[in-house]
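A short worksheet on the structure shown next.
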Amino acid sequence: MSLASGPGPGWLLFSFGMGLVSGSKCPNNCLCQAQEVNCTAKQLTEYPLDIPLNTRRLFVNENRITSLPAMHLGLLSDLVYLDCQKNWIREVMDYTFIGVFKLIYLDLSSNNLTSISPLTFSVLSNLVHLNIANNPHLLSLHKFTFANTTSLRYLDLRNTGLQTLDSAALHHLPVLETLFLSGNPWKCNCSFLDFAIFLIVSHMDPSDDLNATCVEPTELTGWPITRVGNPLRYMCITHLDHKDYFFLLLIGFGIFAAGTVAAWLTGVCAVLYQNIRRKSSEEDEDEAGTRLEVSRRIFPTQTSSVQEFPQLI
């Protein structure tokens, strides 16, 4: 079967074989020794392809790499340490790290990350250290982003664009010891309440506790996010603001108007009923009088006898 006929099994084996061959060399300008490849600050614009397959530690930091190719990265099945900090990586897709399931250390800090797929770290159950700090365009994280990283002990989320975080995002990290959350524009509104309460209940105190503060609303600006749970509970559950009072006033007016209309309709119906009943009574009386008059004309003697009977007694 020719290669032009499509990406069949032969083509996949050929590609894998080429990966084995190319993976036996060392990338240009990089230093390779003792299962470690160091490509730090080599002005790379792409992920280096000629990386030995037995590599355990890989440094590609301080370059201009924009993406991590899953196919080539997946060939490094023994990789345990990956440093990608200070690059131009914009996003990490589903199963980017599908082949590096032994990975323990991952540094994606100081990049241009705008999104992280919920399945990005899904195979990294051995991951212990994760750093995604200094990504100011990273505005949100899915609640299942860390669902399978149950071995994680160190998580750095400093200086990103995160404004809130789902309370379920950290539920799957039972052995987490170090957590950094400072430098983020936390909006401590009612949508932040669940996460704030989670921090209190779980006793998960960030290592930069006093520096992880709220930027909104005004009354909570500068408050540590670990201490806004009770104020938010008051503001969002027991406290009524101006909008709530306006809403209650509107409801009250609606109930009053509805009651007034209902009372008016009831009165109208009552009046109409009384009028109909009165007319019916008058008609019955007229009919009875007419019948009596007719009977008097037809039976005058009987009527006189009836009238004189009391006098005879």
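Using the three backbone atoms N, Cα and C, a Cβ is placed for every residue, glycine included.
If you look up TrEMBL, you'll see 1-23 marked as signal peptide.
As annotated by TrEMBL, domain 'LRRNT' applies to 25-57. The average pLDDT the prediction assigns to the domain 'LRRNT' (25-57) is 95.
Same-chain residues lying 6 or more positions outside the transmembrane segment (245-273) and placing a CB less than 8 Å from one of its CB atoms do not occur. Annotation comment: TrEMBL describes 245-273 as transmembrane segment.
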On the DSSP side of things, how many residues of the domain 'LRRNT' (25-57) fall into helix, strand and coil, could you say? 0 helix, 7 strand, 26 coil
